[in-house]
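Undergrad: Quick one: this structure, given as structure tokens, is what I'll be asking you about.
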Amino acid sequence: MDSGGGGGGGALRPSALDLVAALLTGRGRPEEEGWPPSLAENRHLIVLLTTSLAVLVGCGVALLVRRSSISAPAVRAQEPQPRAPAPAKRKQEAEPDPDDGRQRVAVFFGTQTGTAEGFAKALAEEAKSRYDKAVFKVLDLDEYAADDEEYEQKLKKEIIALFFVATYGDGEPTDNAARFYKWFGEGNERGEWLSNLRFGVFGLGNRQYEHFNKVGKVVDQLLAEQGGKRIVPLGLGDDDQCIEDDFNAWKELLWPELDKLLRVEDDKSAAPTPYTAAIPEYRVVLVKPEEAMHINKSFSLSNGHAVYDIQHPCRANVAVRRELHTPASYRSCIHLEFDISGTGLTYETGDHVGVYAENCTETVEEVENLLGYSPDTLFSIHADQEDGTPLFGGSLPPPFPSPCTVGTALARYADLLSFPKKSALIALASHASDPKDAERLRHLASPAGKKEYSQWIVSSQRSLLEVMTEFPSAKPPLGVFFAAIAPRLQPRYYSISSSPRMTPTRIHVTCALVYGQTPTGRIHKGVCSTWMKNSIPLEESQECSWAPIFVRQSNFKLPTDPTVPIIMIGPGTGLAPFRGFLQERLALKETGVELGHAVLFFGCRNRKMDFIYEDELNNFVETGALSELIVAFSREGPSKEYVQHKMAEKAPEIWSIISQGGYIYVCGDAKGMARDVHRTLHTIVQEQGSLDNSNTESYVKSLQMEGRYLRDVW
């Protein structure tokens, strides 16, 4: 991995403007900035001369401006705007609505990985071709309003609104929809204040998770309860299958309803013009090596922002990496520590860390060969034309930082191992030189090929790389590849397994290696876990590995009162946040703070293989940070034993802690373990509390509403 830092080469000779700028701003000592000795010695004389020159030039300019204003009073001078980043503005402020009498349709999105945003923009683009008397505005839910009052003021003015909202984690809204979701959910007292609104909602989720499309369902229900009129049934996109098909089916229900609202009488009888989505393409400019000799090769997203987030991560070195499984295990689990000293990045116990990893070298090399580009090919990538006009009506997401090499772009920014969407197949087909390849790709993306797409790509877990290998004549240009074929490589999230009370300058991660065979026989290697497994820590080399990271706040927190009893349930790497909890409790205990009872249910396969952090856990018990450690081993005895079985054995104790106002925390796999634990908890409450099924449901729900039953699941 690139160790960062600027490009090599000799010292650059400062220009006259550089010298003047440095003098006037007082930037550094001249001898430290690479000034020639003769200039450095006469710095004060140069300051005097350049300042005098600046004053004379300024007077001359002022005189000219005054004369021009007198001779042409009706013409208002416009200063040329520098091509520099403008002050941060919300998009809706920077781009006022056109006052042309057209009907406005607001298209909102709440997205975590970009899919909801992509659907919103795709729908708006198609709608523009169908309704020339309407204007479709694509709006980020977070940027729509600065505060709750503005949300209400602006939303009540909307006449037609479409919502694309994804469900993230344990039934939670995405980061950019969280503020809106919280505000909107507290709107019972507002009554039916949206009586003028016509709305439609398309949710994005995964049916394998317990709270499938919860956010979409809640938003749809709240819009109706608060007076809105539903124009199309709630769309439930399922990412476990083909969410594009779900989106297209929902659109077909939407168009007839929009026809009624947006077509004038003369147009209603006319059939809409058939729409063929254009294949998006960034503008790419190849850069000659000699023109790029001064390119900064460090990670360009780490750009000095005071607040680190998903768009502006912090570069962090890998300080420590060690294997947590014993040599007897054929699997792997990594303990990794990111060094955040001196970065300004902070975290709290229970937070998540987002990590931008890189595709492994062998994957990148295969795609380079398939595309027909050298890894050292330099290029810049743009979402606008040369005159600054946005491409595709501004619907393209901002491209990644450039100029960069093809090798760097494929390693850092392209998702090469997820299965390709149907729109990607169409883009590949348009650049396939073999007609058979093109025909087959288009068939897979067509309604007639729906079943085949589901079996050959989704069920078989065929990656984009594998599909490109099957159709070698498809060689799209870089602009098409990054805009329409390869999605942006997303950060991977991990529950932080440390406490800032113990390690304020380190963020600990506990990561299981993702490694297994797919139905096609390919060995799938997880992008981030493989990177962590192969990373070089600072304790081994100064040329250590690093990654752009950021902290995502979580509500998975210890009780504010440390005397409140807690139950923690986390098998495998689900132990991660509880290691942080226990570090926090130990630090508090060492300062004399009284602690409540704490029980940990941990699970692994075999004590001699994958009992991670065993010594640490025993130490937590010995020091009193942990009251009771209960471990389930699933591969030691004659029958498999999991954490939910241990919970059932401890049912009276669990009920006692709950009855005392205790908190329950669950971390780990949402599809299996978390469901089983939830059922077991339901049984314990029902049997120990002597409640019927209905009252049990209400009781468990009240624990969740009170924040006493928290889950960090994936």
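The chain as shown is numbered from 1 upward.
From the backbone N, Cα and C atoms, a Cβ is placed for every residue, glycine too.
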Undergrad: Of W193, W250, W255, W714, which one shares the FAD site with R492, Y493, Y494, S495, T510, C511, A512, G526, V527, C528, S529 in Swiss-Prot?
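TA: Swiss-Prot names W714 for this FAD site.
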Undergrad: Measuring Cα to Cα, how many Å separate Y642 (NADP(+) binding site) from G114 (FMN binding site)?
TA: 36
Undergrad: Using C-alpha positions only, work out which of the binding-site residues G169, N206, F212, K640, Q644 is nearest to A512 (FAD binding site).
TA: G169
Undergrad: Going by a 10 angstroms cut-off between Cβ atoms, which of the binding-site residues S529, S634, Q644 has the sparsest surroundings?
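TA: Checked S529, S634, Q644; of these binding-site residues, fewest Cβ neighbours within 10 Å: S634.
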Undergrad: Taking only same-chain residues 6+ apart in sequence, whose CB is under 8 Å from that of G169 (FMN binding site), what do you get?
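TA: When sequence neighbours closer than 6 are ignored, G169 (FMN binding site) has D712, V713, W714 within Cβ distance under 8 Å.
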Undergrad: Please name which of the binding-site residues listed here, N206, F212, Q644, is nearest in space to V527 (FAD binding site), Cα against Cα.
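TA: It is N206, whose Cα lies nearest.
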Undergrad: I need the most crowded of these binding-site residues: Y209, F212, Y494, Y642. Count other C-beta atoms within 10 angstroms of each C-beta and give me the top one.
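TA: Per the Cβ count within 10 Å, the most buried is Y494.
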